[in-house]
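What Swiss-Prot says about this protein:
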type     : residues : note
TRANSMEM : 1-21     : transmembrane segment
TRANSMEM : 40-60    : transmembrane segment
TRANSMEM : 85-105   : transmembrane segment
TRANSMEM : 117-137  : transmembrane segment
TRANSMEM : 189-209  : transmembrane segment
TRANSMEM : 224-244  : transmembrane segment
TRANSMEM : 251-271  : transmembrane segment
Amino acid sequence: MPILQVIVLAVVQGLTEFLPISSTAHLYLTSWLLGWQIEGLDFDIALHIGTLLAVLIFFARDWLQIIAQGFGIRREGDRELNHNHMLLWLLLIGTVPVGIAGLLFNKQAEGAWRNPFVMGFMLIVVGVLMWIAENAGRQQRDLSSLDLADTLAIGTAQALAVVPGTSRSGVTITAGLFRSLTRESAARFSFLLSTPAIGAAAAKAIWDMHKKGGGLHGMLHADFLVGVAVSAITGCIVIAWFLHYLRRNGLRPFVYYRILFGIIVLALAFIRRPA
């Protein structure tokens, strides 16, 4: 794969994985419109590892505190996390629905559903739900008050992200708003919840490569390393910017973008069918 293509797609992944606008749709449609082929599991692994590194690096202190408190070890840190010692177990429970959905619908997600008609439809539907949540949610709670019901609701929403065009961050932030979390807390929990899911996706891709006769040594080439680095750096920048943005701003620009982008995707799908 040409290095320019690697960089462009890795930037697209890093930008769109953590914004509520669907990384899958943007990667697929960028490649489709530019006539590029995303070849090989190694590149898919690179993007997954890059975005996994982004959340692990950015939330490293949070994860250390969450894990320590989950095992009864007192660790001073973030105020919200200090008041919720069950967060580790809530995050693990919240990951179960997407794991089940991935096992049940992986073939559809990688096959029949991966087309611009499905993506355009889901971009619009989740955009409308995000608009409703933005206006209906009370946005009064933070992570200190998160409970099992919240986790199950947000975790179940994350399971919908197996459908391309949904956006993992978009649907989980929307669910968080419906549970009356503040925008920033909903996004923060969304990113923390994404960590096990992204890690599992990377592990599955590595296992699939192993079954096809590949190995880790085959991934350690320039394209792979550039893809990991670019998507990780871009992802860290986007997470920092987005959390800062949500402290004072709402999600309406992303709602409008999703709906407009969804309409454009559907229009292009009718005009020009993908190969």
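For all residues, glycine too, the Cβ spot is worked out from N, Cα and C.
Relative to the transmembrane segment (117-137), the listed stretch 1-21 leads the set 1-21, 40-60, 189-209, 224-244 in CB pairs under 8 A. Contact between the transmembrane segment (224-244) and the transmembrane segment (1-21) is supported by 3 or more Cβ pairs under 8 Å, counting only residues 6 or more apart in sequence.
Of the Cβ pairs linking the transmembrane segment (1-21) with the transmembrane segment (85-105) and spaced 6 or more residues apart, fewer than 3 are under 8 Å, so the two regions do not touch.
Segment contact holds for the transmembrane segment (40-60) and the transmembrane segment (189-209), given three or more CB pairs below 8 angstroms at sequence separation of 6 or more.
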